[in-house]
Amino acid sequence: MKEVIDKGNIPRHIAIIMDGNGRWAQKKGAMRIFGHRNALSAVRDAIEGSAELGVDYISLYAFSTENWSRPKEEVDALMGILVEAITDEVPTMMKNNIRLETIGDIDSLPKSCKEHLKMGKEKTKGNTGMTVVLALSYSGRWEIEQAVIKIVKKVVDGELPADAINQDMIGKHLNTADIPDPELLIRTSGEIRISNFMLWQLAYTELYFTEVLWPDFRKKNLHEAILAFQKRERRFGKTGDQTKASN
Ligand code: IPE
Ligand code: IPE
Ligand code: MG
C-alpha cells in the first residue's frame with residue numbers, strides 16, 4: 001500500500017487521537033492499564049511510518065486535561081508508562097534524527113515526568129528530521145484560555161496595542177506557535193469526536209476516523225489514512241471548479 005501513496009502529497013503535519021487502549025484490554029479480559037502498556041508499539045509504528053514518508057510533524061494526544069478525572073491508579077500508571085517510554089525512545093529518536101516537543105500544561109505533571117520530558121527535549125533539540133509533539137495534560141480550550149490570558153496581560157501592561165490582535169497573533173500565543181496546522185487528523189477506536197484536541201489548529205484539517213483500537217494501529221493503518229487523505233479535495237471555501245483550476 002505504501003507504494004501507491006503519492007509522495008508529492010504527504011501531509012506535513014499529522015495529528016493523532018490515540019484512543020481505545022482501555023477497550024482493547026477489556027476485550028482481552030485484562031485491566032485497562034494493559035492496553036496503555038500495549039500502546040507503545042502503535043506509537044512506534046506511527047512515528048516510524050510517518051518519518052519514512054517524510055512527514056515533518058506528528059502530534060500525539062496522549063493525555064487530556066479531562067483525563068485527570070480518571071481513577072488515580074490509572075493516571076499514575078499512565079504517568080509511569082510515559083516515563084518508561086521516554087527513557088526507551090530517546091535513544092531511537094537520536095538515531096533517527098527525531099526531535100521531541102510537548103504541548104499542554106507540563107507543569108501539572110508529576111516531577112519525574114517533567115524531568116524525563118525535559119531531558120528528552122534537551123537531548124533531541126538539535127535533531128533536524130521529524131518532530132514528535134506529545135500532547136500531555138493538553139486541551140484545546142485550555143490552550144486558547146492561556147493564550148487569551150497572555151495577550152490580555154500584554155495589552156494591560158502596555159506592551160501590545162489592542163488593535164494589533166489578529167488571528168496570526170493569537171496563533172503565535174498558542175503552544176503550537178512554531179508548528180504548522182495539521183493537514184490530517186486520525187482518531188482510532190470508532191469515536192467520532194475531537195475531545196478538545198487542537199480546536200484552533202483543526203479549523204481546516206481533514207478528519208479520518210477508524211474502528212481500529214489504538215494498540216492495534218500499525219503502519220498499514222497509517223498508510224490507509226494517508227491514502228484517504230490524498231483522495232480528499234481540499235477546497236478551503238472555494239468551489240470545486242476553482243480548486244481544480246488551481247491544481
Ligand atoms: C486512549 O485510550 C488513551 C488515553 C486517553 C490516555 P482510552 O484509555 O481512552 O481507551 P478507551 O477509550 O477507554 O477504550
Ligand atoms: C481523548 O481520548 C484523549 C486522548 C486520546 C489522550 P478520551 O478517551 O479521553 O476521549 P473521550 O472522553 O472518550 O471523548
Ligand atoms: Mg477513550
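Here the Cβ of each residue, glycine as well, is placed from N, Cα and C on the backbone.
Feature annotation from TrEMBL assigns Mg(2+) binding site to ASP19, GLU206. Feature annotation from TrEMBL assigns active site to ASP19. Summarising the annotation, TrEMBL assigns substrate binding site to 20-24, ARG32, HIS36, 64-66, TRP68, ARG70, ARG187, 193-195. The annotation active site, proton acceptor is assigned in TrEMBL to ASN67.
Within 10 Å of the C-beta of TRP24 (substrate binding site) we count 24 further C-beta atoms, all protein chains included. In this structure, none of the binding-site residues THR65, TRP68, ARG187, ILE194, GLU206 sits close to ligand 1 with a C-beta under 6 angstroms from any of its atoms. With a CB cut-off of under 6 A applied against ligand 2, the recorded positions GLY20, GLY22, ASN67, TRP68, ARG187, ILE194 are reduced to ASN67. Taken in sequence order, the binding-site residues ASP19, HIS36, TRP68, ILE194 that lie near ligand 3, meaning a CB under 6 Å from one of its atoms, are ASP19.
DSSP assigns ASN67 (active site, proton acceptor) to a helical segment in the three-state reduction.
A gap of 14 Å separates the Cα atoms of ILE194 (substrate binding site) and ASN67 (active site, proton acceptor).
Around the Cβ of GLY22 (substrate binding site), 19 further Cβ atoms fall within 10 Å across all displayed protein chains. Across the structure, ASP19 (Mg(2+) binding site) and HIS36 (substrate binding site) are spaced 10 Å apart at their Cα atoms. Distance between Cα atoms for ASN67 (active site, proton acceptor) and GLY22 (substrate binding site): 13 Å, as a whole number.
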